[in-house]
Amino acid sequence: MAADKAAVASGADLGDGLRQRPVAGQANLQPPTSQPEDNKKLVKKESSLLQTLDQWEVVIAPLIFTLLAIFTRLYKIGISNIVTWDEAHFGKFGSYYIKHEYYFDVHPPLGKMLVGLSGVLAGYNGTFEFKSGEKYPEEVNYTIMRIFNAAFGIFCIPLAYYTARELKLRRPAVWLVTLMVLCENSYTTISRFILLDSMLLCGTVATVFCWSKFHNQRHNSFEPEWFFWLFLTGLSIGCVCSVKLVGLFVTALVGLYTVEDLWRKFGDTKMPVTTLGAHVITRVVGLIVIPFLIYLLSFALHFAILDRSGPGDAQMSSLFQANLKGTQVGKDSPLEIAIGSRATIKNMGYGGGLLHSHVQTYPEGSKQQQVTCYHHKDTNNDWFFYPNRREEDYNPEGDLRFIGDNSVIRLIHAQTGRNLHSHDIAAPVTRGHKEVSSYGNLTVGDDKDHWKVEVVRDSASRDRSKIRTLTTAFRLKHEVLGCYLRAGNVNLP
């Protein structure tokens, strides 16, 4: 009967040959057995957790590394309460900024200004001398100052992580690089003291990071993000070079990359000349002009803060010293120099000293009184301007006789009364030069005591008929030998 109905429904008369569809019994209609519901949820949760960790690894991993850096750089950072290693130098320099006292040092000022800032944040008044090995007094919160410097070392760790990512390293390599920076013992150590090295390292790592970000924007030239990372690269270069000049090494790295990159663009025949010119100009501005402006700004702040007389005065010109607060240079001094004036004469060269003499004599040669340069305040630096022996003697009660360009004078040492003198005798150290000594007195001497004044420039006036204190630069030419008085770079033994 079922077969007849099926045949009628299909429209075909197949008779008894119709095949029957096997139908399971009523008892076999249950669905197949599935996994337990709890196991499914567990697998799904595990998969979701791993995906979340993978998705947020870029945040979680550097955060963990940074926490480890905080521990390694800050753990018991204040346990040593003595001035350690170069804290004696840079802590003292920071004190000068707090006291506004001028000093002189070989390093650019940015790092030392930051040390001074750490002292201000720590409530330090700048009176501690930071002598090596000396115990910190209770009023100096050296721990805060060390933490401030350690912060730069800590910041290097996430920068190292993201730099490795920007360099397209695989995840294990990124972790390895970060771990190596984290665990490097020297990096950890120099980050725990009041030094410039943690700032130098931070600036170096920041430069490489910004440079790698800029490199990865090379296909988006002249877009806002491209300009942003170019600017930050230049800013980082300026900062690292303003801490220590060894920052020029990372500057050279970026410079070599830039030269190679521009060379490739120069060889691209499809690139318009205007586009190539724009690439050159933007790199000159971003990687040369901006760092140079940052460097100049650090010195502008340096001179603005250090406006008081300090231990570094002698390295600067007399005019510079005269503008410092609390200085005695140029104080109540007359404007022009005349016969009978008592003055100090400073070498205009870099770090030049004051013309100086003392009672000690040369052990060989003329065996006359020594003449040297001296960088510190001393009464042996004072000299009297007197007329040459062909002119009328100096009369304190007479009219003023001003000294100007081409005047021939004698210089008499104020403490010993000797004349500044030279002769055809080799200098004791630099044999290619003539010896300069102090010889004779007001009445004893000869033409070899005569010196001709040659004005080089005057920053205050074009009138060369009178030499002026602080502003006139002049040379002293020996009238007999025809040689100029100069300061050498060689010390007496």
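Backbone N, Cα and C define each Cβ position, glycine as well.
Record features, source TrEMBL:
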type: COMPBIAS; residues: 1-12; note: compositional bias 'Low complexity'
type: COMPBIAS; residues: 27-36; note: compositional bias 'Polar residues'
type: DOMAIN; residues: 334-388; note: domain 'MIR'
type: DOMAIN; residues: 398-456; note: domain 'MIR'
type: REGION; residues: 1-40; note: region 'Disordered'
type: TRANSMEM; residues: 56-75; note: transmembrane segment
type: TRANSMEM; residues: 102-124; note: transmembrane segment
type: TRANSMEM; residues: 144-162; note: transmembrane segment
type: TRANSMEM; residues: 194-214; note: transmembrane segment
type: TRANSMEM; residues: 226-259; note: transmembrane segment
type: TRANSMEM; residues: 280-305; note: transmembrane segment
Checking distant contacts: for the transmembrane segment (194-214), what same-chain residues at least six beyond its ends satisfy Cβ-Cβ under 8 A? 85-87, 90-91, 94, 107, 110-112, 114-115, 118, 142, 145-146, 149-150, 152-153, 155-156, 159-160, 162-163, 166-167, 181, 187, 226, 229-230, 232-233, 235-237, 239-240, 243-244, 246-247, 250-251, 253-254, 257
Would the transmembrane segment (56-75) and the transmembrane segment (280-305) count as touching if the test is at least 3 Cβ pairs under 8 Å, pairs 6 or more apart? no
Tertiary contacts of the transmembrane segment (226-259) (same chain, 6+ residues out, Cβ under 8 Å): 107-111, 196, 199-200, 203-204, 206-211, 213-215, 217, 220, 282-283, 285-295, 298
By Cβ distance under 8 Å, which residues at least 6 away from the ends of the transmembrane segment (280-305) in the same chain are close to it? 97, 100, 108-110, 113, 116, 222, 227, 230-231, 233-235, 237-239, 241-242, 251, 254-255, 258, 262
